[in-house]
Amino acid sequence: MNPNQKIITIGSICMVVGIISLMLQIGNIISVWVSHIIQTWHPNQPEPCNQSINFYTEQAAASVTLAGNSSLCPISGWAIYSKDNSIRIGSKGDVFVIREPFISCSHLECRTFFLTQGALLNDKHSNGTVKDRSPYRTLMSCPVGEAPSPYKSRFESVAWSASACHDGISWLTIGISGPDNGAVAVLKYNGIITDTIKSWRNNILRTQESECACVNGSCFTVMTDGPSNEQASYKIFKIEKGRVVKSVELNAPNYHYEECSCYPDAGEITCVCRDNWHGSNRPWVSFNQNLEYQIGYICSGVFGDSPRPNDGTGSCGPVSLNGAYGVKGFSFKYGNGVWIGRTKSTSSRSGFEMIWDPNGWTETDSSFSLKQDIIAITDWSGYSGSFIQHPELTGLNCMRPCFWVELIRGRPKEKTIWTSGSSISFCGVNSDTVGWSWPDGAELPFTIDK
């Protein structure tokens, strides 16, 4: 084939391809035009669609109302439930600087709540975190037993004092923040702000640093406003779906209530608190769902606060010897008897033990029948508080009593630039238990401290 024939052949092929392409384009235009005409003439006729659309619906977990009408379970001792080892892990991992951890349970899970300092362990921002109240403190939570890291934790509220509890439907959180002379408690229900409570004495409004207590859809908390070393003002709040529906101020002259540990028992609420003014035994307040209340002090000569005198003769009023200052704590009332949790040291926040005094709620002697070791006196402890596992969680027909212990490390007792803590928890059982020591165990100082 000579060059002219090649040119003619290639040109013919290109012309044929062009004609075919033109015909296809014309056909496509006609098809679109016909489709448009059909849609115009039949506007209500459904158009078939072969697209596959996936719909994602979040399945809400079944909710119940936590009745709180059961009595405390009979127990003979305490089984270890959790230990987060957060200070040990935080020497190399990303762990929040925290204090005031506490545990609360819904009908599905238990969570550790804690007040962060807006800083991580072994980091420059941990410097000076011995301070209680700052605008950087937040309430966060994580699954019980896990170290409070940024990757496993959930933000709850901006707060330097807090409480939280679950009514069977949603979490209620109470976070107090703001200046000492005008702080405000922000109430959230299911993560949404629902109410606020303004400081009524303008003197460091503060709350429990442990779980509130829920009965039949209502949740109850105790707040303090006023001096930490003399008469202050104390209020009980009844909260439903995050809104305050009733409150009452306690008529409690010569009493001092701070950082109450509250739990439901047979449809009523019992709170055991800290007297920072003049009592080395613990004050209590119990009330029904209408906020009709009774007040007193644990009578036992086995004293529950720290600092405190050696055990001796108790009082159903404040025991003033070594009564100033104190530490958050708890007890569980069983009729006339009481389980008392306390530091082993009478003068510092070290060691921890549980003591059963079979008549200690009402009698003043110092005899007791059981003692279980939790932390050795040579190791640091700190705050402690109660929490309850409802029958809806455990499947029992009673309220399981539990407690947590904060294990404070760092300042002011150790040579670090920071203050933080880990936590352990125990639950009451009516079977075999063991006493031992479960300390924090971190080796200090950290790199940032050197």
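A Cβ is built for glycine as well, from the same backbone N, Cα and C atoms used for every other residue.
Binding of Ca(2+) is annotated in Swiss-Prot for ASP275, GLY279; the matching candidate from ASP305, ASP311 at the same site is ASP305. Checking CYS73, CYS105, CYS110 against Swiss-Prot, the residue bonded to CYS398 by a disulphide is CYS73. Long-range C-beta contacts of ASP132 (active site, proton donor/acceptor), restricted to its own chain and to partners at least six residues apart, with a cutoff below 8 Å, comprise ARG99, TRP160.
In sequence order, the recorded positions near CYS219 (disulfide bond) (Cα within 10 Å of its Cα) are CYS165, CYS212, drawn from CYS165, CYS212, GLU259, CYS273.
Long-range neighbours of CYS402 (disulfide bond) (same chain, six or more residues apart, CB within less than 8 Å of its CB): TYR81, ILE103, SER386, PHE387, ILE388, GLN389, SER425, PHE426, CYS427, GLY428. For CYS271 (disulfide bond), the count of additional Cβ atoms within 10 Å of its Cβ stands at 28 [all protein chains shown]. For the Ca(2+) site, the Cβ centre of ASP275, GLY279, ASP305 serves as reference, and the other residues of the chain with Cβ at most 8 Å from it are HIS256, ARG274, ASN276, TRP277, HIS278, SER280, ASN281, ARG282, PRO283, TYR297, GLY304, PRO318, VAL319, GLY323, GLY326.
Less than 8 angstroms from the CB of CYS262 (disulfide bond) sit GLN208, SER210, GLU211, CYS212, ALA213, PHE220, THR221, VAL222, ILE269, THR270, CYS271, SER386, each of them six or more residues away in the same chain.
ASP305 (Ca(2+) binding site) is 13 Å away from CYS299 (disulfide bond) when you measure Cα to Cα.
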